[in-house]
Every structure is written in C-alpha cells, then in structure tokens.
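**Student:** My questions will all concern the structure given below.
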C-alpha cells in the first residue's frame, strides 16, 4: 500500500534533493534558450525595418489634416493660414456617403471642398438678382472667401455656380476634426428632393459621432482646474495600497477569516432569498412546464425551477466552503503565514513596489511604436488624382475621360461644367503597398510578442528579488545589497531567450483568439446555431488554454530566476512541484485572490467615494485652501481618479501577488530539500515552522540564526 502511494507521489517527479551549495538564486549560470534569443533579436530587427519602411512610405498627414478637392492639405504648407475644410454642399456627403469614410479617406464626397481660414458664421444664399454680378462683387468684396483658389474676380456668379467654383449657399458652421459642419439648429435652405428633417438628423448624428469642439474645450478646462486634485487622489491610492500591503503582516489572519465569514454570510443570504422566491412561486404554481422554451431569459425569473436550481448551487458552494474551513484549516493558516511573509519581504525590498513603473514605461513604448507603425503603414502610397464632374451627363462632358489620372497642378481647360482634378486615394503598387497586409500582421505579432516579453521580464525580475529574500538565512543581513537591480541585470544577461520563448507561446495563443474573434465578427450575420456553438466552444477552449499558459509561464519564470535553467526544464519542474502540492496551490491561490480583490476594492472604492464627495462639493467643512474647483463635468476627474487608483492598486498588488507565488514555490522547495537538521535547516519563518509542527534542530549557537 505504501509502495503504491510512493508511486503515485512520484508520478509528478521526484522531490528536490538537498544541495549543500544551494544558497538561493544561482549566480554562476549560463545563457538559456539561445536559439529563441537569436530569433527574438532577429524579429526585433525586422520590426525596426518595418518601422523604417513605414516611415519612408507613410504619410500620416492625410489622417491628421483634411484635404481639399485638389488633394492639398489644410493647415500646412500653402494653406497654413487655412486650417479648416469647407464642403460646398455637405448634404450630399451626409445623405449619400459614409461619414467615417470621409474622415479617413479624404474626398469620397461628391462636392467641391476648399480650405478656409474660418468657418461661416451666418446663413447666406445667392439670390437670383446676383447671378449677373461678378464674383468680386458677391464673394470677395463681402469677405466671403470660400471659392476655389484661382477663380477670377470678373467671372459672372452664374458661371461660377454652374462650374461649381463657388458655393451657392453658406450655413453657420462649427469646426470639428478640421472640417466645417453646420449647426444643428441652423436654417437650412430648400434643396430639391431633400427634406429639412433628414438634413437636420444627418447633421446631428455627424456632430455627435465626431464630437463637438466646445466639449473638448470644456474637458480641457476641467483638467486644467482639477489636475492637482487628481494627482492628490492618485497619491492617496498609492499610500493606501502600500499601507494595505505592509499592514498584512499584522492583520492578514483576522482579515482573511473575516472575508471568508463574509463570503459565507453572502452565500447564506443568497440561499435564504432563493428559498423565499422559490416558495412564493411554488405556491402560485409557476412552473417551467407552463412557460415552455423561450429566448427571453428574463422570463425564467418567474418560474420556481430557476430559483430551486440557484438555491442548490449556492447550497453546494456553502457546503464546500464549510468543508474547506474544517478540513483545510491548516493549509489556510499556511496561506495566511505566506501572505504575512510576503508583506515582510516587500517591506525589506521596497524598491520592488515601484518596478511596475518600469513595466508601464516599457509597455507604453511597445504600444506607441506599434501605433506609429500602423498609422504610417495605413497612409503609405503616392496620391492619385482623377477627373471628376458633379454631372457627367451635361453637354461637353461626354468626351472627358472621367476617373482617369490627371495632374492637379495643371489648369483644367474643358467645356464640361464643374470639371476638376480631385484627389481619389493612394496607389497600391509600391513596395510597402503590395505587402501592406503582411506588414500589418507582422506589426501586430510584434505588438503581442513585445508586450508579453515585457510582462515576462517584470515577473522574472521580481521573482529573483523575492527569492533572494526567502533563501537569506539571516534576514535582512543575508539579503543582497541590490536584489532588484541584480535580478534585472541577471535576467537580461542570461534569460532573454527563455522569456522570449514563453512570450512567443502565449502570443501564438492570443493571436489565435484574435483570429477567432475576427471570424466570429465576420460571420455573425450568417451564423446558424450550430456554427455559433462551435465558435463558442473554440473560444472557450482558447481562453482556458491562455489562462493555463499564463499560470505555467509565471511559475516557470520563478524557477528560471532561482535556478537559471531553460524555459522547458523550468516549466516542467514548476509544474511537477505544484502538482505534488496541488491542494496547497488551490487554497493559496483562492485565499490570495480573495485578499487582493478586497484590497483593490478598498483602495478604488475609498478613492472613488472621496473624489465624488469632493468634486461634487459635498464636503462643506473644507477651507478655501481645499475648496473644490468649479467644473463643467464633475464626473470626469472622478472617473480619472478611479481609473488611476485601479491602475496603481493593480500595479502594487501584482508585485505582492508575484511575491506570494515566489515565496510559495520557495517554501515547497524548502520542505523537499531540507529536514530541519543542523546541516539542512529550514529557511522558512518561525510562524510557518510552528504551523507545520517543525523546527530547526541546530546547535545552541545556531538557534539564534532565525529571527
């Protein structure tokens, strides 16, 4: 029987053997996963080459600045003093074309467009009596400089309107994204075949989608008045996060048990509520047999079987949690002791709490570089210009080859009314354009791989620092002078390839999830129930696989930081070690998740409540020094404060979570390597020794080594 148990235990590998030379993270190590390291550096060089190629061929000005009918940019170059784009007849845009396409691709709108210094401020329409007058009299003399460039002042107004050289009407407009859009309450002239209601609705939707300029100004004003209060709120979140982690060594035990009792209480109330609902519906005779099958999920709330099923589920959860408290209380105590030890480790190595700033900065670099590449690639190519006329069926237009190439710098001489050489788009025949899709895929792959590598670097560095704390017998005397800096340099020097290997595996799974989401989005309209079910199963499987790989990678990086082995060996050793202690793993993971969730709730909720009462003026006792600013949108600084508090709390608690995981693996290794004798003493704290009923049996002089 005992032999069978030993075989079952060794199914996940043999326990770690005692090594007299082991004193924590190994210093004499060699480079690991060199092939993957070389592959990663070659990929980065290719990523840089893609960036250079995008910079050479790309032109982001077409996204940042609007274009007129000839393809010239507004706001730069010869149009530097004319930053806004005016549409002669914007209703032909909002009623016949895609507005988002207009914003992204330039013209794509059947009306002339001209760069202007300011948008029209009043309504105006050409009157019939002005047809015989000149452009100088009607437009230029009245300071209506809205005609196309080069229109002579002695041209008759009727001729300029027929050739679409000048606008026939103007509306009071507001600039948005560099374009002049009419006010929603402006008086619209009568246009044949178009109702004023449809025009007003189109303008209103257009302004809503592009956002009005005055809202942006108000938001900027709110930030200008409240930025220092937002910084104070973020500072408060930082202090609360740090205090919560440092105080865990004092209150971790009571806090964990209070949280567990709270969860038990919530489940008990849920059972009571479900029973009451079930009893009422049972007395009414409301059964699922009367309802039948329906896609209206809210209807199931009114049948007794729904509440009975919920009652059974909650009762099972309540029973499982009670059994865990009864039979796994020692392991819960071990988890609490490890949480206290993690708080102690963070207190000794305070620099680790600010390492998330390094990770955040590196992530910003990765995301910004990809965004710039994507922008330049999307705007690569030489501009194309073609002949265009508002009505190609008019006399004189039959012989004009519409949609053929032309030069916008040359004068258009034709009897076709309104014929112009306009910007159509960008060529797709260049080097970058032929491979545009492949380059974009390469850039996306680079984004995922570099982000995952940066996150892996942070995990491995923190693991190395905290492992040096655990394996220091005399704490804090034996802790290295710069544990975080040493771990950072050691990781970069020896284990870049291993981090790239783990990041690549995770990246491939994430790319597969993105492809699956893209397929689901494209086929959403034509899916049948079977297809949706299959896609849902695939997405669920990939989600589970990604979670498992993240868990495995995290523990593999801890083993890499300690022993300096390659990724595969480290992942195998970590997995085997965890499987040999699977119950402890589950208990510690859930206790830590519960505690960190409560910590985030405390920090984010506290900052959010204080921000709400302050920015809404509900703290009247504050003096003038701490007077709340008068804001247009008081919710804006509140939301920014809450978001910033969440990011800060997540950064701090991610460090704490990594500390707990590292100390846990070290604790398991300590149990397998050592036996408490003078030659093989335990490195764990006295509280852990006491919980396990173990002690170090050293000589009298050695008993003082543990603090």
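The backbone N, Cα and C atoms fix where each Cβ goes, and this holds for glycine too.
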**Student:** With respect to the membrane, are residue 111 and residue 586 annotated by Swiss-Prot as being on the same side?
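**Tutor:** Judging by the topology that Swiss-Prot records, the two residues are on different membrane sides.
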**Student:** May I ask you to indicate which of 532-552, 595-615, 658-678 is given in Swiss-Prot as transmembrane segment?
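**Tutor:** Feature transmembrane segment in Swiss-Prot: residues 595-615.
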**Student:** According to Swiss-Prot, which of these ranges is transmembrane segment: 357-377, 378-398, 399-419?
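**Tutor:** When 357-377, 378-398, 399-419 are checked in Swiss-Prot, transmembrane segment belongs to 357-377.
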**Student:** When the topological domain 'Cytoplasmic' (329-356) is classified with DSSP, how many of its residues are helical, how many are strand and how many are coil?
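**Tutor:** Output for the topological domain 'Cytoplasmic' (329-356) reads 27 helix, 0 strand, 1 coil.
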**Student:** Using DSSP, tally how many residues of the topological domain 'Cytoplasmic' (474-498) sit in helix, strand and coil.
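**Tutor:** DSSP composition of the topological domain 'Cytoplasmic' (474-498): 15 helix, 0 strand, 10 coil.
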**Student:** Looking at the glycosylation sites 68, 403, which sits with the largest number of other Cβ atoms within 10 Å of its Cβ?
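**Tutor:** When each Cβ's neighbours within 10 Å are tallied, 68 leads.
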**Student:** Mark yes when the transmembrane segment (34-54) and the transmembrane segment (636-656) have three or more Cβ pairs under 8 Å (sequence separation 6 or more) and no when they do not.
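**Tutor:** Contact between the transmembrane segment (34-54) and the transmembrane segment (636-656): absent, because fewer than 3 Cβ pairs are under 8 Å.
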**Student:** Considering only Cβ pairs under 8 Å, which range in 251-271, 308-328, 357-377, 453-473, 595-615 makes the most contacts with the transmembrane segment (558-578)?
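**Tutor:** Counting Cβ pairs under 8 Å, the winner is 453-473.
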**Student:** Is the transmembrane segment (251-271) in contact with the transmembrane segment (308-328), using at least 3 Cβ pairs under 8 Å (sequence separation of 6 or more) as the test?
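**Tutor:** Answer yes: the transmembrane segment (308-328) meets the transmembrane segment (251-271) with 3 or more Cβ pairs below 8 Å.
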**Student:** For the topological domain 'Cytoplasmic' (657-707), DSSP counts of helix, strand and coil?
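**Tutor:** Helix, strand, coil within the topological domain 'Cytoplasmic' (657-707): 27 helix, 2 strand, 22 coil.
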**Student:** Using a Cβ distance cut-off of under 8 Å, indicate which of 228-248, 251-271, 357-377, 453-473, 595-615 has the most pairs with the transmembrane segment (34-54).
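**Tutor:** Result: 357-377.
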**Student:** Count, for each of 357-377, 453-473, 595-615, the Cβ pairs lying under 8 Å from the transmembrane segment (228-248), and report the range with the highest count.
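**Tutor:** Counting Cβ pairs under 8 Å, the winner is 595-615.
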